Amino acid sequence: MHNLIPTVIEHTGNYERVFDIYSRLLRERIIFLSGEINDLKADTVIAQLLFLESEDSNKDIYLYLNSPGGSITAGLAIYDTMQYIKPDVRTICIGQAASMGAFLLAGGAKGKRESLAYSRIMIHQPWGGISGQASDINIQANEILRLKKLIIDIMSNQIGIDKEKLALDMERDYFMTSNDALKYGLIDSILVRE
């Protein structure tokens, strides 16, 4: 989150309540995920998803994404929770959804994955720094390959694209405009003012 968090004053009867903007938006079932995806952010998003499900398991949850990506395991924890809970999770890209951010964008409920017009989306294969003994490097390399296959399997199912094409596109950074992402199947619509 940010160092300076705006507050909102809500007037109810004779009382005033001050909320930080994120808590106020959470009351409207809106979650923000911005910046690098890590374990701390994943824990926060997962807690918010579970809380909103307990509040009303039939109303959609809105997950706004502006992320360059991050930890695969943290992203998979968020994705698993999105698929586990009963409410549909609408995903909306604002700014960018790259790497694990794009994976989460595509992981929204089918028909409810959206982007603002000038956002950018980027997919690529998992990467990580490996060091240590030769046997440890081999173990880590095998795990990265396993995660790559898992991400491709999940994404190809989620967006309805051939696994081989997706794997080929993910070999290098593959940038898309919102229109490109719509054609690709990563999103279902582009949000514009009516």
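Using the three backbone atoms N, Cα and C, a Cβ is placed for every residue, glycine included.
Sequence annotations record features per position, and here Swiss-Prot assigns active site, nucleophile to S99. Mapped onto three states, the DSSP output places S99 (active site, nucleophile) in coil.
Swiss-Prot lists H124 with the feature active site. Less than 8 angstroms from the CB of H124 (active site) sit S99, M170, E171, R172, D173, Y174, each of them six or more residues away in the same chain. In the three-state DSSP scheme, H124 (active site) is classed as coil.
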Cβ neighbour count (within 10 Å, all chains shown) around S99 (active site, nucleophile): 26
